[in-house]
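S.K.: The structure that follows is given in the form of structure tokens.
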Amino acid sequence: MTESESEHEHEQERSPARDPTRVVAQGTFDLLHPGHVHYLEEAAALGEKLHVIVARPETVDHKPAPIVPAPQRRDAVAALEVVDHARLGHPEDFSVPIRAIDPDVLVLGHDQHHDEREVAAMLADWGIDCRVERASGLEADGDRLHSSSEIKERVRERRSVDVPRR
């Protein structure tokens, strides 16, 4: 090994290790279903560490309150192989966990009501240099349910019909 090769090796050893690309996905994740799994798989593919923030009921104001308790929803999300870290959102300030993670990529679900440009501007205001992406939705697939709303509607339909018991 030449002297210059030895110096180069030493320089490489001293270089700081590159941090893994941190991706954030967030949602309510009530009644975990294939649409959620698809969203999280797409999010995970955009980086090396997937952090998922599970909304607390007090911050869900755009739809009915979740049925499943927040810690149970977090645990179900954490059990998915693609998820590296799952945590509950802050009860008052949704920026707290996002700031703590300091993501490189934030992925919105296909049906989340946030505008990508507005989210990117908000992150920049917080000093977070982060790319904002939108996940795709699943195509309708026969009888397969892809959303919590579809699951709840199916339960309502089946409960309102008198089904003979076996």
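Please read every residue number as a count from 1 along the shown chain.
Cβ coordinates come from backbone N, Cα and C, glycine included.
Small disclaimer: the values here were computed from a predicted structure and weren't measured.
Features from TrEMBL:
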BINDING   THR28, PHE29, HIS33, PRO34, GLY35, HIS36, ASP111  ATP binding site
DOMAIN    25-154  domain 'Cytidyltransferase-like'
REGION    1-21  region 'Disordered'
REGION    140-166  region 'Disordered'
S.K.: Taking PHE29, PRO34, GLY35, HIS36 as the binding-site residues to compare, which has the smallest set of other Cβ atoms within 10 Å?
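M.R.: So among PHE29, PRO34, GLY35, HIS36, the binding-site residues given, the one with the fewest Cβ atoms within 10 Å is PRO34.
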S.K.: Around HIS33 (ATP binding site), how many other C-beta atoms are within 10 angstroms of its C-beta?
M.R.: 18
S.K.: Find, for the listed binding-site residues THR28, ASP111, the residue with the lowest Cβ contact count at a 10 Å cut-off, counting only other Cβ atoms.
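M.R.: Counting other Cβ atoms within 10 Å of each of the binding-site residues THR28, ASP111, the minimum falls on ASP111.
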S.K.: With DSSP as the yardstick, break the domain 'Cytidyltransferase-like' (25-154) down into helix, strand and coil residue counts.
M.R.: 47 helix, 21 strand, 62 coil
S.K.: State the mean pLDDT for the domain 'Cytidyltransferase-like' (25-154).
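M.R.: Average per-residue pLDDT within the domain 'Cytidyltransferase-like' (25-154): 88.
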